[in-house]
Each structure stands twice: as C-alpha cells, then as structure tokens.
C-alpha cells in the first residue's frame with residue numbers, strides 16, 4: 001500500500017499495527033457489559049450486536065402483563081422495577097423498513113424512565129439491521145454497531 005502525504009510518499013506493508021488481526025472488535029472497543037442494564041439506543045444496538053439479545057432489564061409485553069402491567073396505567077415500574085418493554089415482534093406493516101423474505105423485526109423501548117411509555121423505539125432485525133424512531137414509527141434512522 002502507498003500513502004501520499006504533502007511532504008512525499010511513504011510505503012507501508014500489510015503488517016502494520018492496524019492489520020485485520022489487531023483491529024479492535026466491537027466487544028473490545030465498547031464499554032458494554034453482559035448482564036448490565038441499558039436503555040439508550042446506541043447501547044442497545046451494541047448490546048444486541050455483542051450478545052445476541054436485549055439486556056436483562058427488558059421484558060416482553062406478555063411477561064409484563066403477567067406481572068400485572070397495564071399500559072393505560074403506566075405502572076410498569078410498580079410491577080417490574082427498572083424494567084423496559086422489548087423483544088416483541090414488529091410487523092413493519094407500512095413497509096418503511098427494508099423487506100426480505102427471511103427478515104423479522106422486533107422492537108424495544110428507548111430511554112424509558114418509568115410511567116407511560118414514550119415514543120422512542122429501537123427496531124432490530126434477526127439479520128443485523130437496527131433502526132431508531134423517536135416519533136413512534138413515523139420516521140426511522142438507521143443505526144450501526146459502534147456508532148459508525
């Protein structure tokens with residue numbers, strides 16, 4: 001490989017410290033710990049990418065209802081302290097997100113702080129796509145692991 005700089009040409013080899021073997025992977029470069037609670041969108045993306053599941057503070061709507069949650073009452077933290085809703089199927093019925101025959105989408109609340117749920121959601125797929133919505137599915141922003 002040849003790199004050009006203002007003062008001349010520098011030749012490099014493929015055995016630099018940035019070779020593929022030395023490139024940090026997502027789990028080495030981020031401060032995301034397995035088994036910890038996370039609610040911010042980027043943290044959720046990184047956790048899903050690293051561990052293949054939502055953090056342990058997430059429960060599905062069905063699990064929450066079994067504990068006594070009533071969405072109209074906004075009582076999630078009364079029945080499941082510090083929990084957030086996530087892991088339920090997201091239909092993508094408006095087809096605003098990329099479609100594929102084998103792709104399934106799921107959703108998770110973002111920045112939940114107790115009481116009634118807000119409009120922020122992370123939509124994630126079984127094949128590694130991540131989308132954030134802050135307006136309850138009206139628009140989406142694609143997210144990447146590591147914040148790229």
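Every residue gets a Cβ built from N, Cα and C, even glycine.
A TrEMBL annotation is a machine prediction, not a hand-curated record.
These come from TrEMBL:
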type	residues	note
ACT_SITE	107	active site, proton acceptor
ACT_SITE	136	active site, proton donor
Count of other CB atoms lying within 10 Å of the CB belonging to the residue listed as 'active site, proton donor': 11
Other C-beta atoms that fall within 10 angstroms of the C-beta of residue 107 (active site, proton acceptor): 20
The residue listed as 'active site, proton donor' and residue 107 (active site, proton acceptor), Cα-Cα, nearest whole angstrom: 11
